[in-house]
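K.L.:
I'd like to ask some things about the structure below.
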């Protein structure tokens, strides 16, 4: 017993360099690499012939608004309006504390040429220190909810979603904010995780690459949720570029100083990237390792839907480590092991997130992938 | 007085194991579901000689809070067991937890009365990295201290501490104060709203060993006295707060590991069940030495 093996380790001694030229450290076994003509020499790090989970995907030329290609460099609009959301879930304390700090004193988030707005997304939930009051705000930004008309008959969070959409959107329109950072904590041992909603968002991919290099050797992984059934309508999806930041492990309703610092450092680098981009810096093509959401795994339950087993001790706290077919997955209350019976190795995350018991999720499985990002520059 | 002479205490005929006193502390909630297995354990150590056996109640203390996965719905149940709250007049619309405390007092008490259960073990989990802690009001409840010593011997790999609150019986406020003997078993670190298999395993083993000890005690075993290190609460320390908004303005420093406690060593007498009478008996006066560290 004792503290879980920490994945938020040497983040406080991060290197402050803004270099973007280091190759994205691949590592791991690779098979069937599909080389593409436009990938740069960094891809030469990958070797062929061994087993399992890498594949290299090339995003096709994108039709995202505000983006054009000049040669191989994508020209994107400046990111002038940026928001930082804390308290989307009212009991995830790091974001609440950071946003309140920056509302009171915005010195650390000032950047040339950018308007940065810190914002408490769900103030009623924050006041009660609960995840949500009536319904999960971070699932509420569906097209149906945002376009619905009416008043008090809607749950509080649906009305709040409409208000946020008016302030920072409308979602999908040219007036929407350029970037929203959405700050979350998890009880899972995920370390620092950036959450990406589109594999075609070159701006976000370049930002995440920048952040990963800046904090190296500390690590920050990227979770990609593009799964047609498992993706959901987040608060941050109102903006043109949605960036989720999840840091754990931290219990709900609790503030841990190391988790708070890790989140603060990542945001610092993210804002630095935006400032550099707006000043005209060109970011060369790069590859970004991501973990793509694959499947949701629920707890074993009885006929009354009660949980009858817990995450196995061998899997507990092992976010991002390979889970092979036959490996222990759950342990019943009387000690029996239930193994993972998938057909291939996966990388589980959000392991034993307390807030997901009600969402029927013990963990999600992911597959490792490398995405390629075009060179980008402001238009 | 010869501290090696065993103290005789009445058998523990009725025991209550309570979970979900705080509705989001799930290991205890899941553990009290395993009723039959625990009951079997309690009666295993006893001879089939026609004498009365131990009866064990498992209690889901705050079902409404458990259903909502919240610590409490109106007010903290584990602060509602003062004599004033239990016996006092209730307002027109009393908080749910006050009514529930009165129900539990009827079921397990009444507190301070001869019909109260002999032992209450109230299961809790904490986000703090505390290992397994016994939390008790008294530093001379030999039943609780001996159970603690027994668990220490049986679970040597589990970090285990005994916390003594130093509050008199009249001021006691928690569920475990309803029984003639009682303690809270607090285990961490465990985020609220979830259950870790390692934490559950420790809690399950702790309860199992406690029931083993009860079975042995009721069968007439003599437990040797000795020394027990306890931690006595000195002070509660709040976070630094903004004077106007009362919001927290600082977090625990990453170097801080434990809250300040004074460590005290207590000598406990050896103990055995009083076979001659089943009526409550006053304890003999016990001399004990206190060594301060």
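Including glycine, each Cβ sits where the backbone N, Cα and C put it.
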K.L.:
Where TrEMBL shows B:22, B:25 binding Zn(2+), which of B:53, B:124 is named for the same site?
P.N.:
B:124
K.L.:
What is the total of other Cβ atoms whose distance to the Cβ of residue B:22 (Zn(2+) binding site) is within 10 Å?
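P.N.:
Excluding its own Cβ, residue B:22 (Zn(2+) binding site) sees 25 Cβ atoms within 10 Å.
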K.L.:
Which residues, sitting 6 or more apart from residue B:124 (Zn(2+) binding site) on the same chain, put a CB under 8 Å from its CB?
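P.N.:
Looking at Cβ-Cβ distances below 8 Å from residue B:124 (Zn(2+) binding site), excluding near sequence neighbours, one finds B:21, B:22, B:25, B:28, B:184, B:185, B:186, B:187.
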K.L.:
Within 10 Å of each Cβ, count the other Cβ atoms, then let me know which of the recorded positions B:25, B:186 comes out lowest.
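P.N.:
Output over recorded positions B:25, B:186: least Cβ neighbours within 10 Å is B:186.
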K.L.:
List the residues in the vicinity of the Zn(2+) site, defined as same-chain residues other than B:22, B:25, B:124 with C-beta within 8 angstroms of the site's C-beta centre.
P.N.:
B:20, B:21, B:23, B:24, B:28, B:71, B:78, B:123, B:125, B:126, B:186, B:192
